[in-house]
Amino acid sequence: MFWIFRVFCKLFAHPIEENPFSGIPCKMYKPNFSNLFPSRSSAFIFTSYIALFVSQGILVTASQNENNKYNFNTVTAVLLTELLKLIVSACLYCKDNPLKSLWREVISGSKVIVLYFVPAFLYCLYNNLAFVNLSKFDPTTYYLLLQFRVVITGILFQIIFKKYLSRRQWFSLLLLTVGCMVKQMNFSKDDDDASEHVANAKNTSGFDFSINAVFILTQTLCSCLAGVYNEYLLKREDTNVNIYVQNVIMYFDSIVCNVSVLLLQGDLVDAFQMDSLRAVFRFNVIVIMINNAAIGIVTSFFLKYMNSIIKTFASALELFFTAILCFFLFAIPIHFNTILAIGIVSFAVFMYSQNPVVNLPVASSAKGANISDDTQKLLMAEEAIS
């Protein structure tokens, strides 16, 4: 991970418009950490952002039994997490507005409630597949493969919004794809043979062209499609409501979707029996739900006080720390292909973040400017959380 520190130094030792890959040794620069962390709170937010994302995969993995299964209903856990997010969003709105005002805005936005069922369903699938995929992949492989959403999002923006990618962007997306493919390669035959003899062993090498690969691709597609559809909704004038009201509507729709999933599974009644609730309200499961809700809150602060390039470095550090912690906590080996894949993917995401594909609405008035700011924050927060 030496290159991460090297780029960090170059990036913040000089104005942002300078090329961080100028070829001049990093030791000739004195890093200006006041540009990176202008206040103590920003350093705390940066650290919390990484800690929460790394913790989520580890906490979910730690909640599994020896057969990589869950002793609680994961759909119920997702449902209660969405309920917690709804309560937090409502409280944030009511901090500056009366509760009656929230109710009036939700009722008046009945059309928005219907429209937001599409992304809510996609996020419902995404959150439930997260539990499924973390039972099949180790956290490092899981987070690494999810980076493939950058490729899919770039292609979707080119097709739907006619935002054509530059050669540099295409190269970064190709490099990211190569990084995900490298994770599949196992350079040690002994490790491969050993893993075949371990019962219930997780996939630590990447895609294996099985149903697990279909699930991880589905989760990635859900994230990308939900983000693109959200942008479509936020660009429509008839769906412009307060950002916190939008969140309340989104989480309400997601709760309905998760209830529907329980109904289709035939677990709606059993999920709320005392035994089932007792399994969900165990300490390790409650921590997962709180951590997931906290991710949304910290992400909004992260994007408000920092920039997308810092977020890219945070993503690279997440992969690095996840691999290290999984090695010590779960004895998941760190193979050479894992180290190489993390380096390639992190570098590719950094290249892409220097000129990302965005399609934010252009503000034509003071009112439009406020809407554009809220829209940008919501879009970035939802992309980061997913």
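Even glycines carry a Cβ here, placed using N, Cα and C.
According to TrEMBL, the transmembrane segment annotation covers 43-62, 74-94, 106-129, 141-161, 170-187, 207-229, 241-263, 283-307, 319-352.
Most Cβ pairs within less than 8 Å of the transmembrane segment (43-62), among stretches 106-129, 207-229, 241-263, 319-352, belong to 319-352. Ranked by number of Cβ pairs under 8 Å to the transmembrane segment (241-263), the listed stretches 106-129, 207-229, 319-352 are led by 106-129.
Counting same-chain residues at least six beyond the ends of the transmembrane segment (74-94), those with a Cβ under 8 angstroms from any Cβ of the stretch are 102, 124, 127-128, 131-132, 242, 244-245, 247-248, 251-252, 254-255, 258-259, 261-262, 265, 267, 271-272, 276-277, 280, 285, 288-290, 292-293, 296-297. By the Cβ criterion (under 8 Å, sequence separation of 6 or more), the transmembrane segment (207-229) is not in contact with the transmembrane segment (319-352), since fewer than 3 such pairs are found.
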